[in-house]
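Student: Pasting the relevant annotations from Swiss-Prot:
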type     : residues                                                                              : note
BINDING  : Arg21, Arg126, Arg127, Arg179, Ser180, Gly181, Asp182, Asn190, His220, Leu221, Tyr222 : dUMP binding site
BINDING  : His51, Asp182, Ala276                                                                 : (6R)-5,10-methylene-5,6,7,8-tetrahydrofolate binding site
ACT_SITE : Cys159                                                                                : active site, nucleophile
Amino acid sequence: MKQYLDLLRHVREHGTYKEDRTGTGTYAVFGYQMRYDLSQGFPMLTTKKLHLRSIIHELLWFLSGDTNIRYLKENGVSIWDGWATPEGELGPVYGEQWRSWKTADGGVIDQITEVLKEIKRNPDSRRLVVSAWNPAVLPDPSISPDANAAAGKQALPPCHCLFQFYVADGKLSCQLYQRSGDIFLGVPFNIASYALLTLMMAQVCDLQPGDFVHTLGDAHLYSNHLEQADTQLARTPGPLPTMTLNPAVKDLFAFTFDDFTVSNYNPDAHIKAPVAI
C-alpha cells in the first residue's frame, strides 16, 4: 500500500522528536491524510504480514458493545491484555461508547444503530457520525490503565476517536479521525479494521463500498521502531488482497468470524516490534 508507505517515509524524514506518555520517545508529524478506494482491493499491508484474525475479532468485539477482554482471549487475541484489570475489564472503552453512550438523564444511545437507521432513512445526512471520545470517562493520567478501569474510567483514551459516513452515487464512504496513531503497529490494524467496517455497513445498507479516508492527528513512529520501519520501506508492495463478506448477512450485528474470507493475500514476512505501554 503506497499510501501507508508514503506516511511511514514522511514521518521517517520529517518527524519531530517528542517525549511521550510511555517514556519511549517518538518521531511525529501533526495532520496527515490517506485515502483508499475500496473497489481496488482490501487495504491490508503486503509489506509485512498482519494478523487478520485479531483485526476481525476486535471489530466484532467493538460492535458487540463488550468491554471485557474475555471474548478476545477466547479467540486467541491478546492485543488488549496489557491494559485490562485481572478480571479483564477495560472500563467504558470503544464498545460501550459505540453501543451504549450514557446520557445525563440515565438513558443510553446506541450510536451504531442510530447511524445505520439514518443512512437508510436520509443518506444525504451530514450527521452520520459515531464518537468514542467521551470526556466524562477519560482516564486519570496519574494512575495506571487497570486502576482506571477498576474505577469505572477508560483504561486508555480512544485513539481512533470519531468516524463519519458519507453516501454518494450509491456508494458508502467512511472517514476516520484518529487523534493518535502508532504508525508501525497500530495504524495498519486501524486501516484494515475501518475498511472492513465500511464493507459491512455498505452491505447491510444495500450500498457499494466507496472510499476509506484516514485522517491522523499526532502520527508517530516510536523511537524503538525505526529499524523496523526502514526494513519495511525497503520492501516492494504487492497487489492488495480481496475481502469477501457472506452476502446472506443483512444485519450488522449478525456477522461472525466465519462470514469473512480474504483471498490473494501474499504478504512479506512479519516484522516484530515492541508495544509501548
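Just so it is clear, glycine is given a Cβ too, placed from its N, Cα and C backbone atoms.
What you see is a predicted model, and the numbers here were worked out from it, not measured in a lab.
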Student: Checking the binding-site residues Arg21, His51, Arg127, Asp182, His220, Ala276, which are within 10 Å of Cys159 (active site, nucleophile) at the Cα level?
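Tutor: So the list is Asp182.
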Student: Counting every protein chain present, what is the number of Cβ atoms, excluding its own, within 10 Å of the Cβ of His51 ((6R)-5,10-methylene-5,6,7,8-tetrahydrofolate binding site)?
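Tutor: So the Cβ neighbour count for His51 ((6R)-5,10-methylene-5,6,7,8-tetrahydrofolate binding site) comes to 14.
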Student: Sequence gap of 6 or more, C-beta under 8 Å: which same-chain residues meet both conditions with respect to Arg21 (dUMP binding site)?
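Tutor: Once residues fewer than 6 apart are set aside, Arg21 (dUMP binding site) is near Pro141.
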Student: Expressed to the nearest Å, what is the distance separating Ser180 (dUMP binding site) and Ala276 ((6R)-5,10-methylene-5,6,7,8-tetrahydrofolate binding site) at their Cα atoms?
Tutor: 13
Student: Have a look around Asp182 (dUMP binding site) and count the other CB atoms within 10 A of its CB, chains all included.
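Tutor: There are 23 such Cβ atoms around Asp182 (dUMP binding site).
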Student: Quick check on the binding-site residues Arg127, His220: which one has the highest count of other Cβ atoms within 10 Å of its Cβ?
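Tutor: Top count of Cβ atoms within 10 Å goes to His220.
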Student: Using a 10 Å cut-off, grab the number of neighbouring Cβ atoms around the Cβ of Ala276 ((6R)-5,10-methylene-5,6,7,8-tetrahydrofolate binding site), all chains included.
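Tutor: Neighbour count, Cβ to Cβ under the 10 Å cut-off: 20.
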Student: At a 10 Å cut-off from the C-beta of Tyr222 (dUMP binding site), count the other C-beta atoms across all protein chains.
Tutor: 23
Student: Take the Cβ of the residue listed as 'active site, nucleophile' and count every other Cβ within 10 Å, whichever protein chain it belongs to.
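Tutor: The answer is 18.
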Student: Reduced to three states, what secondary structure does DSSP give Ala276 ((6R)-5,10-methylene-5,6,7,8-tetrahydrofolate binding site)?
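Tutor: Note: Ala276 ((6R)-5,10-methylene-5,6,7,8-tetrahydrofolate binding site) is coil by DSSP, not helix or strand.
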Student: What whole-number value in Å do you get for the largest C-alpha pair distance within His51, Asp182, Ala276, the residues recorded as binding (6R)-5,10-methylene-5,6,7,8-tetrahydrofolate?
Tutor: 18
